[in-house]
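Asks: Okay, handing you the structure first.
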């Protein structure tokens, strides 16, 4: 047995290595990997939403908080405008301005601060993920003799009875046998079964678990995708705020059930303060408050309600909610929105439970009397609550569940809102996404960490991890974007498993555990003193026994043979265990960790590529930088009047306003479904009708025309969104099945006649020319990715009418809140609209059930490749194309890279998973599977990009190779989906 003095020395040495070398190295790695984009492209903002965040930050920096919160922006959502200050989560903007003003000053520009914030806060998220793992692994209890950890089975009624009567005795017998025969319990023995002088009392590898969790979080792609330098998006700050909130919540639950300290109030209040940071940063705060509320309620169901839990949750909810309602965009939503009322119900329930507990203590109530009191109290409260809810619902107090939240629970893969359904990141996740963004090795370890927490290391704090894990897995399955939320919990579970394995090895092989927990524990000195006393007592016993030594000789001789045999068995067993562990680590763990490291860096390099700038290689082999979009925006800024209005699909609105500094029709805020539907109608209507709408709203039209996911590929979504409000677009056809591509790969008549198609393909496809009396081409970027057309015969009357402040609708005289109105010239078209009603908005008396039913039915039929009026589906039959292409024919097709209707059609079919329609097309026209767009990518690239296994199998069946390379030298297998 290793002396305590040696353990202390080793623990000190390990503490120095852990905190001075390993932890800083982990944080440095987290920082360096997130700077890849800045090192490669410089400090530029990526994607779409970050450009709005940058513009809002600049406004706050230049005008201050007061003007920021009363900022009505008339350069966006023309002609309505947008009250930015009251519709934005401003936490990230305030953080950026604070860093600029009080930390970096003139050393960095505001743009650079915004570019570096994702990396800085990625490091902080890594740090607090480690602290969360540490807190949930500490065996800290009060001084009542309670055990630090339990099994979840001990907390489930009925199950707990069988657990205590069967499983515990069996486990005790097993460990006793192991200890007697092998000389070790392998560090798994329950504390209640451990004798007083066992070294297992200080074998908690909490520090080691924290380090392993930090290692994973530092580079896991699920977090990288929202924390790369330049990705100035809400999630880059919110992930830190979320993990900080979770850490403080679990810290407030430290200790046994009987622990009652006033510090719990403080930790709960600190949790509420951190939650306020989360609320200010991102709309995902709804997930955080519901997760904590769900955990608190679950602890009650497990019979773990305590004064500690009451104080922690009450202080958290009161402080957090009082601060949250101060954020303008949130307002009274925590007390009105259906999706946030659950935590409020838990709060009320806790007050009733605590009242009953107080009465129990004061009046010395028995268990039966306590339950009678609880039933009476809760029955009375339920009656009052039902009356209150009925009245509040009657007056329309409650707000509806948002479409995105509804999409997490409905059985459809679509929400019923074509605008929400058009966004790729709102689609369900596939299993490949977890392997890609968490890595197969991490995915394989998560269940082991989960099981360890559930069945061996369960207490108030660690039980939160179980709730977190189940919730994130469920929600990420429903919406691929939410894989982001799995990064911290995956890191923690992986850290728990690897940390426990590390502790197991050290305890069983070396005989001591290099953990600082021993030195930091309150009873560390007592244990050492106990050990010294035990040694002194041993000396006295030895002196006494020396007098009777002769009597013992015979007995020792009889047992020596048996003892020697047992020692030999123990030695052999430990050698076998040591060899097995060494083999497992060398052959399995280390290679997988290396694979995870290299894979994460490879994905990090791909995530570092901003959408707005792309590297490419010409057919000649010359590397080029494709900067078409910024080229286009800069041309608009330098060559159009300052009051010019630019019509473009809402995806590009943020970039247009931030870079071109021009007025846009819509952007990524998507707050007004009807306005976006109007924009969609203008773009997808026949050229003449579209122009009649556009001339009242804009001076120029910008079109993305680069192939793949360009505007024509997106246009079927635009038509559906338009049709959800303007039903005459596609009568009795919610999915606008007539707007798209035919089975031959050519545009349908409706698409071919649309204004968007005419502008997109103007002069590029034979016979496609925009009406010169209505549009004039002004600019095309170097590689044809972006085109700008001037709208002729613009209505000056409408433009002047909108610009006149007298035509704005102020909520009060002299108020800053003055939305604009549509000009009189548009009233005729506006009379045709029918406001879109969400399924979940139960405050509206009129519902659109018939439209929603047809939408889902026709969408599913379209997905299966059936006609929308088809009464049923056909039976599946083995499929193969009607004709086969030779390798020479395939090679010839692969020589030509061009953005054609065929490539656009293939992209649309794959992105919408229209498998049966793809099969029907390839049956007679297998050449379409081999078509390549201008960037060298084709259907198989897109199938891998979307993780669509069925499409991959179909395309490979017609001979498409997964070794083809695009202009960047990437194969379909290398392609990673980076649009989450």
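Cβ coordinates are placed from backbone N, Cα and C, and glycine is handled just like the others.
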Asks: With the ranges 173-194, 393-414, 415-436, 437-458 to choose from, which does TrEMBL describe as transmembrane segment?
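Replies: In TrEMBL, residues 437-458 carry the label transmembrane segment.
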Asks: Checking feature assignment: transmembrane segment per TrEMBL, candidates 70-90, 91-111, 490-510. Which range matches?
Replies: 490-510
Asks: Examine the ranges 465-484, 525-544, 545-564 and name the one recorded by TrEMBL as transmembrane segment.
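Replies: The listed stretch tagged transmembrane segment in TrEMBL is 465-484.
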Asks: What range among 151-172, 371-392, 591-612 does TrEMBL record as transmembrane segment?
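Replies: Within the set 151-172, 371-392, 591-612, TrEMBL attaches transmembrane segment to 371-392.
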Asks: So which of 437-458, 465-484, 490-510 has the most C-beta pairs under 8 Å when paired with the transmembrane segment (206-225)?
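Replies: Stretch with maximum Cβ contacts: 490-510.
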Asks: List, by number or range, the same-chain residues at least 6 past the transmembrane segment (490-510) whose CB is under 8 A from its CB atoms?
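Replies: For the transmembrane segment (490-510), the nonlocal Cβ contacts are 2, 129-130, 132-133, 136-137, 184, 186-188, 199-200, 203-206, 208-217, 220, 222, 438, 442-443, 445-446, 448-450, 452-453, 457, 465, 469, 574, 577-578, 581, 589.
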Asks: Which residues of the same chain, at least 6 past either end of the transmembrane segment (113-134), have a Cβ under 8 Å from a Cβ in it?
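Replies: Distant contacts of the transmembrane segment (113-134): 23, 26-27, 30-31, 34-35, 38, 43-45, 50, 53-54, 57, 92, 95-96, 99-100, 104, 206-207, 209-214, 217-218, 223-224, 226-233, 236-237, 239-240, 243-244, 246-247, 250, 488, 491-492, 495-496, 499.
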Asks: So what's the average pLDDT for the domain 'STT3/PglB/AglB core' (646-700)?
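Replies: Overall, the domain 'STT3/PglB/AglB core' (646-700) comes to a mean pLDDT of 94.
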Asks: Count the residues of the domain 'STT3/PglB/AglB core' (646-700) that DSSP assigns to helix (H, G, I), to strand (E, B) and to coil, and report the three numbers in that order.
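Replies: Its residues divide into 34 helix, 6 strand, 15 coil.
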